[in-house]
Structure formats: C-alpha cells, structure tokens
C-alpha cells in the first residue's frame, strides 16, 4: 500500500479540518495510507504522528482549527534538524508529503525537496490570502465574514453614539482582508499597506464626512499600516478642535482566525484536498495546488514564496468609490 504524509503548519485558519478530511478520504479511496504528523514540522522532527483513515476524520468538516495541531518550528531552519525530519519520513516509507500551509510553510517544505529530493505537495491556506500564484487560499472567506460580523456590531454602537471607530483587522503585510471587509461593511475609509494614505488625507476624509452630515464613521485598518491605538491617539490630538468627537478603536485580533468555516471555505478546502491527491495519483510531483480564473491547477511550489501577491487595484478603486 502506498503512503503519504500530511501536516498543517503555521497559523491556524478555518477550513483546515475540511481539507484534512478531503485528503484522507480521497487517499483512502485510492487505497493510500495517510500518516499525519502533529504540530507541523515539529512533528516531523520528533516523529510525532498518527494514522488517519475514513472513520477518524468523520465529523470534523465543520470544525475550526486543526485536529493535527500546528506550531512554528524555528529548528527547521537548521539542516541537521531537517535531516532528522527526512529520516523520520523515510521510516514510514512515505512517497509524498502533503503540506497544508502558507508562504513560510511552503518555504520550509521546499528545503526538504531541495535537500533530499522529497516529493512535496502544497495546499495553500492563510486568512491573509497573500500566497502568490493562487487567487484563493483556505480560510480567507471565513476570516472576512468573521470580521464583517464583528464590525457590523461595532457599527451599531458607532451610529448610536455618533462616533468614529478605527477597526484594525489582520494583514501584517497586505490588505486583502481589509479591502474585502471595507466593501462589505460600507467603511468610510479603508487603509492598507500597499496603497498608503498620508495622514492629512485621513484627516480630510474625516472632516469631509462631518461636512456631509455624517455623525459616525468606520475606518478599516490593516494591521500592517499602523496600530489602531496609536492612529486613534494621533487623530484625536490633531482633530481635537474640529468638533468631530472622540475617535475610538477596536482590534479584532484572533477572532478572525477562529470559528466554523463558511460554506465557501468548506467547499474550496474539500476541492483542494481531492485535487491534490488525484494529481499525486496521476504521477505529478512537487507542486502547489492553485486556484486561478475559477479553475484548479498545479504550479511549482517555489513560486509561492519567490514573489509577492498584492491586491487588485480595481478592488481598491471600488473601495474608494463606495466610501463616504
């Protein structure tokens, strides 16, 4: 019987369990055994594994997080520890390692491919949706919905008390979540790192809203732009004589990464998992599953971390048109 390895690595996100389920059940369908390593690359180094089958993944489709657990493993940067990981993989007679991860995870997995010739198959996941080479990564849709639902509640209070609220969403290096959420909640202003706004433009936008008779405003801020706390303090000081009221802030944080995956994430995670295993069965090696122009395809793993994906300028323009 053929064997494949499976792990989840990096930050968790909704849809991981749906993908695990799809990989395992598709593998079992083709009479392939799945050896799953716990806590990502840490599990490879420590040979901490379990065998998954059709029954063991029952009832996990709708659950957030990952049943395999996940962790960041700095030791994996060291060749000697990667060699230990590879030797553990060899003990199980694994023909390919399936890695459900993001940019960093794929970069680590690629080192196993480069150092030892291991067949690596990547399945993209990250709420940031910033993996180059694919239009979609597992977890993004749920994260956007989580943020939208939270901001809708904040907006009720914002309108009732006639306030301005800066809401910080995840997106350390990119603004994909902020852009989608900004449109979904009708934000007066959306700030992302790719297209920075000068401080005076932010001030002018707030004052313009006031002139238009708006007594409330939602500003969606990607965390990579600035701290919501610091930005609110700066704006409160600079606008204290402008009669715009107190500017408050809220950091949404990890609420965006948790919870039951949306229908879209469940379906996409399932499709990604099935597609990855079927391509392995067909003999393809060393690839990343990608979703492009509505179709699933394979791409070289290294493309995911050699380039940077940035938001579509058209979507950014939509935000600007609809704001205010």
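Don't overthink the numbers, they just go from 1 along the chain as shown.
Glycine too: its Cβ is placed from the backbone N, Cα and C atoms.
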* Determine which of 95, 203, 223, 284 appears in Swiss-Prot for the same substrate site as 126, 127, 128, 163, 170, 171, 172, 248, 254, 255, 256, 257. => 223
* Return the residue out of 5, 11, 15, 133 that Swiss-Prot annotates for the same ATP site as 72, 73, 102, 103, 104, 105. => 11
* Asked: Out of 2, 155, 240, 242, which is the one Swiss-Prot records at the ADP site of 21, 22, 23, 24, 25, 186, 187, 188, 214, 215, 216?
  -> 155
* **residue 128 (active site, proton acceptor) versus binding-site residues 170, 188, 215, 248, 255 - nearest by Cα** => 170
* May I ask for the distance between residue 257 (substrate binding site) and residue 11 (ATP binding site), taken between their Cα atoms and rounded to an integer number of Å? => 9
* To do: Using only the Cα atoms of 21, 22, 23, 24, 25, 155, 186, 187, 188, 214, 215, 216, which the record gives as binding ADP, return the largest interatomic distance in Å, rounded to a whole number.
  => 54
* Asked: What is the one among the binding-site residues 172, 248 whose Cβ has the most other Cβ atoms less than or equal to 10 Å away?
  -> 248
* To do: Out of 11, 73, 102, give those binding-site residues positioned within 10 angstroms of residue 126 (substrate binding site), comparing C-alpha atoms, in sequence order.
  => 11, 102
